[in-house]
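Here the structure is laid out as structure tokens; the discussion comes afterwards.
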Amino acid sequence: MKTSLLADPLFFTTPQLARFRFAFKLTFAVVLSLFLGFHLQLGTPNTAVMTAAIVAGGPAFVAGGEPFSGAIRHRGMLRIVGTFIGCIGALAIIISTIRAPIVMMLLCCIWAGLCNWISSLVKIENSYIFGLAGYTTLIIILATQGTPMLTPQFAVERCSEIVLGIACVIFADLLFAPRSIKQDVDRSLRELMVGQYRLLQLSMSGADEGTIDTTWHALVRKTTALDGMRSNLMMESSRWQNSNRRLTSLHTQSLTMITQACETYLTLQDVPTHVKSSLKQVLDPPVESFGDVHHHVKALRHLIAADSRDVPPTLVSWVGAATRYLLLVKGVQTNGRISKIEADVLNHDVEIKVPSAETHHAMINGLRTGVATALGCLFWLSTGWSSGGICMMMIAVVTSLAMRLPNPKMVGMDFLYGTIYSLPLGALMFMFILPSTQQSILLLCLSLGAMTFFLGVEVQKRRLGSLGALISTINVLLLNNPMTFNISLFLDNAIGQIIGCFVALMVILLIRDNTKSHTGRTLLNRFVYGAVSALTTDTTRRKENHLPALYQQLFLLLNRFPDDMAKYRLALWMIIMHQRLRTLDIPQNAALSAFHRQIRATAEQVILARRDTTRSRYFTQLLEELERYQQILTEQQLPPNVTVPVGRLTGILRDYQHALSD
């Protein structure tokens, strides 16, 4: 098999040197972009150097260590796309408002807020595009404020410098032993299967609620992390296409096993049932490895094949999902062709995407960015401060990058501390070290490389202020061609950065995000819709796989309400009911199909209702329709395994009516 460069790292492969691999990678990328920027006679090599630092340092700070190869490349591609969108936005604003500078700045603030609003609605791995587009437009307009006719030239130069910086980062990543995620994926798949089997053992043995909650919570997080690894794997190379398809299905199989194990536990708690000795004999022995789980699942399959009458239906479903999981894991490990059996598994379900539940949260994020940049613009215009532009730029950068992260306040503090650290560090570099290196590009690269290396080590440790210090210090050094050493300009820029970050942090703290309860209620009502939407006689709709979307919403619920176990249990019950109702054998009937459509429409109205009274009225209507639906099923003399789950869903919704409708 032909090996790629990813499989043959060139440097820093030993464990002792691997700890400093990222710092050397970051340093090499920064120094190479600086050297090429001067060699190619770029106007502002500083942009290429900052791009290299941001693209390499950002993922490392988030990961708390060396980022995977795919993460760096993905970040680079997003930065290119976001820059192009920002340049187009800047050209459009300048062309339309060239005779009205104040209107131009106002449109800039609105554009930044709009981009941040969009970035809060899209998938989090792609949100960087729109956040970057917002402040790129602001940077271009501020840089060409006195000479708007040069905007196209400046936009082209900025795009060229950013592409150069990204190319240097990717080359450094390939050169310094890229960290492939494939081995981590294989290990996570094995560990996840062991965790799934242990959850099943706890469910069958009647463990206490605290242990069950802790275990399934950890498995949900590991399954979500596995889906993130799948995205990183695809960023590495296109040769992982087959593994990507398998991992998508493995995500569903893992969620199915979690759901079936939890349903088994809840069913046994409600109706205690004696577990056969033959079943206990297979389930009770502890498992320590992936091989042990494979052996136990095989024994369970033989037991079910011999006599499935005394085996809980949820356990049968769990074993089926585990069998599919084991089959697909083997394919991921080899990355071979997809067999016919695997293709049947992969094509069985059609995954459904759902819109974001954080629309109000996104609106607050956009408002924060728009207000913050408008305040910076007002401060600049009223004072006439020469570095008001860089203050505005830092406000836009901080508010755009911080809002989508789980803790915007900490991101704002990191930038504020970083800009404060950059003042003495930048002064040392700008006043004493860099002037002594003007006769030699080698000395210039060595001095900047030494600073980058030590800051890179701190970034890898997630030291507060380290990433902000790296970016802010490079920004105030003014690495232009030719270089000039204007002390007053340096101080203005350094202080402007600090004030901009302070204003951004104040806006984050003062404009509070009070949408938490609204988001939680929307998520819970979407769980209800997911459960009732499983009631259908349409075979095509039955193949719709809502499970990944439901667990994605559950994961968001976990992040927004980390200590509210009641919400978790309600959401988990709705997911369980979705899975149970999806398997009901409902006969083809025009009247039932019409009732299904009516129930779905009412559940959708519960989600869309803006007022509590309207929501409560629609929720009461939904309960009445479900009760009437159960009566129709009973009148048609359908078996209890069809009517009882519908009654169970109605009972759960009635118990939680206050939490769901008010």
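From the backbone N, Cα and C atoms, a Cβ is placed for every residue, glycine too.
Annotation comment: Swiss-Prot describes 22-42, 52-72, 78-98, 102-122, 129-149, 161-181, 378-398, 415-435, 439-459, 467-487, 491-511 as transmembrane segment.
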May I ask whether the transmembrane segment (22-42) has at least three C-beta pairs under 8 Å with the transmembrane segment (415-435), counting pairs 6 or more apart in sequence?
no
Kindly say whether the transmembrane segment (467-487) and the transmembrane segment (22-42) touch, using the definition of 3 or more Cβ pairs under 8 Å where each pair is 6 or more positions apart.
yes
Long-range Cβ contacts under 8 Å made by the transmembrane segment (491-511), restricted to residues 6 or more beyond its ends, are 364, 367-368, 371-372, 375-376, 379, 385-395, 398-399, 402, 408-409, 412-413, 415-416, 418-420, 422-423, 426-427, 468, 472, 475-476, 478
Sequence-remote partners of the transmembrane segment (439-459) [C-beta within less than 8 Å, at least six residues beyond its ends]
20, 22-24, 26-27, 30-31, 34-35, 38, 49, 53, 57, 60-61, 425, 429, 433, 466-467, 469-470, 473, 477, 479
Applying the under-8 angstroms CB criterion, which one of 22-42, 52-72, 102-122, 378-398 scores highest with the transmembrane segment (161-181)?
22-42
Range from 52-72, 102-122, 378-398 with most C-beta pairs under 8 A to the transmembrane segment (22-42)
52-72
Quickly jot the same-chain residues contacting the transmembrane segment (102-122) by Cβ under 8 Å, restricted to those at least six beyond its ends, or write none.
89, 93-94, 96, 128-131, 133-135, 137-138, 141, 356, 358-359, 361-363, 365-371, 373-374, 377, 381, 396, 399-400, 403-404
Distal contacts, the transmembrane segment (378-398) - CB-CB under 8 A, six or more residues away
102, 105, 112, 134-135, 138-139, 142-143, 145, 369, 372, 411-412, 415, 419, 475, 489, 492-493, 495-497, 499-501, 503-505, 507
